[in-house]
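Shown next, in structure tokens, is the structure this report addresses.
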Ligand SMILES: O=C(CO)COP(=O)(O)O
């Protein structure tokens, strides 16, 4: 039975210019020198920077990924980019089903499923995001909503080597608010049990990240919770010191 890999991933969203490289370059050097024990580090910048970062980081322990992809490999899809193109640029992971894409682009779990299949078929890892809104939590439906998203978004061909789950409560993203550790553990343990039900012993090996207002001051507590195997970080991944402070949670 494989053990989940710990991962700290930065999602830059629609932020960052070519000059951002200078700050992140010094962070990558620091991470390479003081590599955290047993923890992978991933940065998902906007696509305009991805290829540049992937080339510069090719000798580094820091991996580079993307924030979304089209579900098809090629074709007449103006403005879209495929998983095969991202692999071609040196990407190792692609985030799919982020709540901002589910909300801004009406992405359904069925579409997220197809994107995840394409990511895996192109030899990368899919980070599949799930999470409830505040109204759904207040109605007592958080576990049900998240498990429905998991069952519809995670492909039946998924393995612990190819798919990572990120639990991101929508109301915690960019708000400075986080669930209690007990609430995080309730959802992550429900996700873990559903993965074991579906994928037998391999379900125990999937990495399950927490995302939503992670910062250096709460990283150790959130990432130390049961069945939490790392973090998907938004705002705090844009500042090298903050991102490094979060990675510190995994340094001995
Ligand atoms: O959406 C997120 C990462 O994908 C979380 O964003 P924040 O860390 O800014 O809350």
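Glycine too: its Cβ is placed from the backbone N, Cα and C atoms.
A TrEMBL annotation is a machine prediction, not a hand-curated record.
What TrEMBL says about this protein:
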ACT_SITE  98  active site, electrophile
ACT_SITE  168  active site, proton acceptor
BINDING   11, 12, 13, 174, 213, 234, 235  substrate binding site
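What TrEMBL annotates, mapped onto the structure for a quick look.
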residue : record                       : Cβ within 10 Å
11      : substrate binding site       : 26
12      : substrate binding site       : 21
13      : substrate binding site       : 19
98      : active site, electrophile    : 28
168     : active site, proton acceptor : 26
174     : substrate binding site       : 13
213     : substrate binding site       : 22
234     : substrate binding site       : 20
235     : substrate binding site       : 18
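Each residue in 173, 233, 236, 237, 238 lies on the same chain as 11, 12, 13, 174, 213, 234, 235 and has a C-beta within 8 Å of the C-beta centroid of that substrate site, without being one of the site residues.
Checked against ligand 1, the binding-site residues 12, 13, 213 give 213 as the ones with a Cβ under 6 Å from it, listed in sequence order. Rounded to a whole number, the distance between the Cα atoms of the residue listed as 'active site, proton acceptor' and residue 213 (substrate binding site) is 9 Å. Neighbours of residue 98 (active site, electrophile) among the recorded positions 12, 168, 174, 234, 235, defined as a Cα within 10 Å of its Cα, are 168. Spanning the listed substrate site, residues 11, 12, 13, 174, 213, 234, 235 have a farthest Cα to Cα distance of 14 Å. Annotation note: residue 235 (substrate binding site) sits in a helical segment as assigned by DSSP. Between the C-alpha atoms of residue 11 (substrate binding site) and residue 168 (active site, proton acceptor), the distance comes to 12 Å.
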